[in-house]
Structure formats: structure tokens, C-alpha cells
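Here is what TrEMBL records for this protein:
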{"type": "BINDING", "residues": "R103, K104, K107, E129, D130, V131, T132, T133, S134, G135, G136, S137", "note": "5-phospho-alpha-D-ribose 1-diphosphate binding site"}
{"type": "BINDING", "residues": "T133, R161", "note": "orotate binding site"}
{"type": "DOMAIN", "residues": "55-171", "note": "domain 'Phosphoribosyltransferase'"}
Amino acid sequence: MSQSKPETGNEFETQKQELIAALKACGAVRYGDFTLASGKKSKYYIDIKKASTDPKTLKIIARQAALRVREMDVDTVAGVELGGVPLATAVSLETELPLLIVRKSVKDYGTKSRFVGNLKPEDRLVMLEDVTTSGGSVKDAIEVVRETGANVKYVITVVDREEGAREKLKEVDAELVPLVSASDLLK
Ligand SMILES: O=P(O)(O)OC[C@H]1O[C@H](OP(=O)(O)OP(=O)(O)O)[C@H](O)[C@@H]1O
Ligand SMILES: O=C(O)c1cc(=O)[nH]c(=O)[nH]1
């Protein structure tokens, strides 16, 4: 397994193939009739929680995402509950950057905050997402972070289904960085 920074397109390709093989081996690629978070129907589903609960696959994701994070001018790694949390935690361990967890909704007791971690207005974040389809879930999280004054510049997604997330994030001035796209994974 390569842990060094890829110097060439070929090394990125080798890494991509390693991740594709791991995703298939852990049973993350499923075919059938599925309804997605956005309400869309799909004939396939990336059961990415199979990947994030499999230590070998999670390690591959964390190392590959960490290589991307080291190229970015960011100081915090964020993940939206639920799927983004194990990924962001693993990348935080790998990069030693602080972790921020974003809740999907506010708890009406305790701290009543959507954030777990130390979020400061000057922070620049990269957000980890497991799958992007419409990009709606992660866009919502970006907006809630930005209300505090902090900024999310990048979103690393393990699998981008290529159904509009890149464009949606561009509208809010955030860059989508997929580790794998659905068209490569389903080849
Ligand atoms: O790009 P979108 O169209 O928003 O779809 C992708 C989102 O849907 C899934 O989350 P889900 O709502 O299933 O939540 P979970 O992580 O709590 O399982 C996935 O983890 C992404 O967050
Ligand atoms: O859009 C979604 O909700 C979605 C699609 C997919 O392939 N996998 C997943 O976990 N969520």
C-alpha cells in the first residue's frame, strides 16, 4: 500500500484502483431498487457504511484523503453525522488536524449546538463526505458552518455519483474532490 504522495497521474490511478478494489471487496457496491436521501430512485447503491466499518478499507480511505488534505490550505477536518464522522475521525488521526463533527439537527438539550469540537471564526475546513449525489446534505452543512464565520473550502467525498454535487458545491464556492467517481467504480 502506497503511503507517499503520488507524484504522477499513474500513482493517482494506482491509488484509485486500490480503493475501488477495497470498496468492491467489502461489499459496498450493491444493485437493486433503492431510494436515495434526495428522494431520487436508483438501480445501484454505494453502501459506504460497509467501507467505513471495515478497518482495512477505512485505512485506505483515510490515507488517500489525508494525501489530498495535506495539499489544501486547511486547519480542521469536518464530518457530518452519520456517514462523515468515522471518515473525518480517521483523517483527523492521519493528519493530526483537529476534528469537527456537524450534527444534522440541533439537540434541544445540553449544549444545543450543531457542532462537536472547537470551531473558531477564522477556521478553514475540509469536509469529509461518504457519498455525494445531489450534494444537498453537504451544502447544508457548509452553510451552517459559514454562519459562524468559519469557511469550508473543500469537500472530499469517497464516491461521487456524478449527479450534480460538483456543480451545487461550485455555486457556494466550495470544491468537490472525489476519491472515486461512480462511473469508475461501476465499470
Ligand atoms: O448528496 P446528497 O443527495 O445529499 O446525498 C448524499 C447523502 O446521503 C447519505 O446520507 P444519509 O442521509 O443517508 O445519512 P447518514 O449518513 O446518516 O446515513 C450520504 O451519507 C450523504 O450524506
Ligand atoms: O444519495 C444517497 O442517499 C446515497 C447514495 C448512495 O449510493 N449511497 C449512499 O449511502 N447514499
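The backbone N, Cα and C atoms fix where each Cβ goes, and this holds for glycine too.
Just so you know, TrEMBL annotations never went through curation; they're auto-generated.
Just so it is clear, the model here is predicted, and its values are computed rather than measured.
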>> Counting by DSSP secondary structure, give me helix, strand and coil numbers for the domain 'Phosphoribosyltransferase' (55-171).
In response: 46 helix, 30 strand, 41 coil
>> I'm trying to understand the geometry here, so how far is the Cα atom of R161 (orotate binding site) from the Cα atom of T132 (5-phospho-alpha-D-ribose 1-diphosphate binding site), in Å to the nearest whole number?
In response: 6
> T133 (orotate binding site) to K107 (5-phospho-alpha-D-ribose 1-diphosphate binding site): how many Å between their Cα atoms?
Replying inline: 26
>> Let's check the environment of R161 (orotate binding site): how many other CB atoms sit within 10 Å of its CB?
In response: 24
>> Using CB atoms and a 10 A radius, I'd like the single residue among the binding-site residues T133, S134 with the highest neighbour count.
In response: T133
> If you skip the near sequence neighbours and keep only those at least six away, which residues in the chain come within under 8 angstroms of D130 (5-phospho-alpha-D-ribose 1-diphosphate binding site), Cβ to Cβ?
Replying inline: I46, I48, K49, A51, S52, G83, G84, L87, T157, V158, V159
>> I'd like to know which of these binding-site residues, R103, K107, is least surrounded, judged by other CB atoms within 10 A.
In response: K107
> What are the non-local neighbours of T132 (5-phospho-alpha-D-ribose 1-diphosphate binding site), defined as same-chain residues 6+ apart in sequence with CB under 8 A from its CB?
Replying inline: V138, V155, T157, V159, D160, R161, A165, R166, L176, P178
